[in-house]
Amino acid sequence: MPKPKIFIDGEAGTTGLQIRGRLQGREDLELLSIDPARRKDQAERKRLLNEADLAVLCLSDDLARAAVGMIENPATRVLDASTAHRVAEGWVFGFPELEPDQPERIRTAGRVANPGCYSTGAIALLRPLVEAGLLPAEHPVFVQGASGYSGGGRSLIRAMRGEGEHYLAGSYRLYGLGLAHKHVPEIVRYSRLARDPLFIPSVGNWAQGMLVHVPLHLWALPKPVRGEELQAALQQHYAGQRFVRVMPLERVGSAERALDPQALNGTNLLELFVFDHPAKEQALLVARLDNLGKGAAGAAVQNIDLMLGLSGDRNYEYTEDAPC
Ligand SMILES: NC(=O)C1=CN([C@@H]2O[C@H](COP(=O)(O)OP(=O)(O)OC[C@H]3O[C@@H](n4cnc5c(N)ncnc54)[C@H](OP(=O)(O)O)[C@@H]3O)[C@@H](O)[C@H]2O)C=CC1
Ligand SMILES: CC(=O)N[C@@H](CCC(=O)OP(=O)(O)O)C(=O)O
């Protein structure tokens, strides 16, 4: 059987390099590589996009939409790492742990949208709770996040390392202040919320790794809910999943407890925490992941294996630092 051919459009970028690194040396697929001198040459990209069995797009949203428009070969399947197609008609959302039949949808899809880094954390926390009826779809949800600067791609990485400028460069920046971040539509759709959450991300002076958090006033819910019910619903939803770990409930924890956003760097893991204060009827949900791992390239290679029916018996780890 011929090996499936994969072309990574944008392979010199942050996500592209991380996907390439994870695929390099594999013998069950063939990587089509573009001559570095021609990596922005539209005719050459078009040739490779149409030669590939699977085109993996690691481009900005506009370029990803244009790349899909360049594909004429009906046999070329697409995995898009950008935000461009996450809620688009005809595209399957590439979060295999979303629900039991999601891996099969991904396996048979011609077009798969890889989830975003913040949205992976938010959806992973919210969807099971909405589905279990613990969080009403209409509940006013607030999602916060703190990401390492590789989330901003090459231009922010360069600025953080002293080359060039970027509006997010600095020790810490709160952003998304237009209250309309590009992740909101996918968070609403796949969490099954009825209203937009208030989503406020931030970025700090570390390269890789992130936390996404959802604070909840449990007393404000129409039906009383306890922290252990939230944790149990998450545990039930992700039972048997290899890459999603639901952590034990943390009740009225130590004031000195802290979470390091970088703890899962290099892995394809996603950890979900519930911190509970029963007397105050307050809880905090937290997701921890590597923005370049389960938040981008790890998830992409997991999807590549699903789409191509290749052995999924891998941990999708990759420990090279985000490049400049
Ligand atoms: N970084 C992250 O944590 C995550 C990123 N994503 C998404 O993945 C996509 C890629 O992001 P990221 O890797 O961070 O971005 P980068 O900016 O690091 O990479 C984008 C790449 O595209 C290249 N490029 C620019 N113009 C063209 C062109 N005309 N033809 C071909 N290639 C071109 C860039 O080259 P050059 O730099 O020379 O211009 C660069 O190598 C984005 O849509 C992003 O939102 C998704 C999840 C997480
Ligand atoms: C720090 C930073 O800039 N993060 C990016 C999110 C990372 C990313 O590119 O997200 P997608 O998965 O949606 O493509 C942002 O907020 O736009």
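Keep in mind that glycine also has a Cβ here, set from the backbone N, Cα and C atoms.
According to TrEMBL, the protein has these features:
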DOMAIN    5-106  domain 'Semialdehyde dehydrogenase NAD-binding'
ACT_SITE  Cys117  active site
Cys117 (active site), number of other Cβ atoms within 10 Å: 27
Within the domain 'Semialdehyde dehydrogenase NAD-binding' (5-106), residues counted as helix, strand or coil by DSSP: 37 helix, 18 strand, 47 coil
DSSP-derived class (H/G/I helix, E/B strand, else coil) of the residue listed as 'active site': helix
